Ligand SMILES: C[S@@+](CC[C@H](N)C(=O)[O-])C[C@H]1O[C@@H](n2cnc3c(N)ncnc32)[C@H](O)[C@@H]1O
């Protein structure tokens, strides 16, 4: 039997356990061990989060103090005014740069809408997910959009089945109305009814292995966060609908320490990286965290297979969440960095607009 357990950090975890009336003393020995391990992990995570928050707060405070001290130490009122003017100038430059970047991104995304590789995020699975999983998927959609916007060769990105609960959730993303993306309430089958033969469902359970991306194809990623509870569901969907399916060629390049089922944003980023480099190995190494790649010494990278699935994302503080995220990727980290995101309270989300 399975039971839901409240963890030390307030999240819930579902555990396979032999339970009697819910009394922990009636758990089997291995279930008790697993429960203890999960509780220890959650406690460590909560501690780490609190530490990070405190470090960020202290950093902001230190910078504020240093600024005030240097202002107070200025030799004259004129010098003080010059310092203030220089600071205003720097801020204006920063804002200008951001506006410029935003314009360039919009241009790239509009160009992609005319000739970019079509990629669909299929949002028809809301009924199969728990609220925290839907929340997690919403964040993964944000990562996809942000990564696409940063790319020199963005995809022509579609959200299909964007209605009901998923429609409501994505609508809540600040700035979503301005996203340069196709938002389609219809299913991909309806949206691409005239070219059904070009639809390819990406799924880890496919027999066909993808060796290249074909511009004439429309690649579909299942919008699902399920810790593979619904194993095989997208492959079944593709078969039932009579469309092609394919899996990423992970096995040709990596020996994974666990399953080859990746998160929505990981799959999207791998595709993006492949479009950019034409090299699967580079794409996999860029996106798949060392721990999941089964590399020694990567034990501290506590990325979970579904990244932000536990709903324990923290606020990225004054820095931008996408900055953390992309820096983490560059350092070979994982969705660990994504946990700094809290889109509904972070002012830095304006980067997405
Ligand atoms: C978290 S997975 C969902 C797993 C789900 N149980 C299923 O049957 O697809 C999210 C999506 O990423 C894509 N995906 C994940 N791993 C993949 C792989 N190794 N190859 C191709 N697509 C993959 C699939 O489209 C999948 O639906």
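Just so it is clear, glycine is given a Cβ too, placed from its N, Cα and C backbone atoms.
Just so you know, TrEMBL annotations are computer predictions that nobody has curated.
For the ranges 293-314, 315-336, the feature annotated in TrEMBL as region 'Disordered' maps to 293-314. Mean pLDDT, taken over the domain 'SAM-dependent MTase TRM10-type' (105-295), works out to 95 on the 0 to 100 scale.
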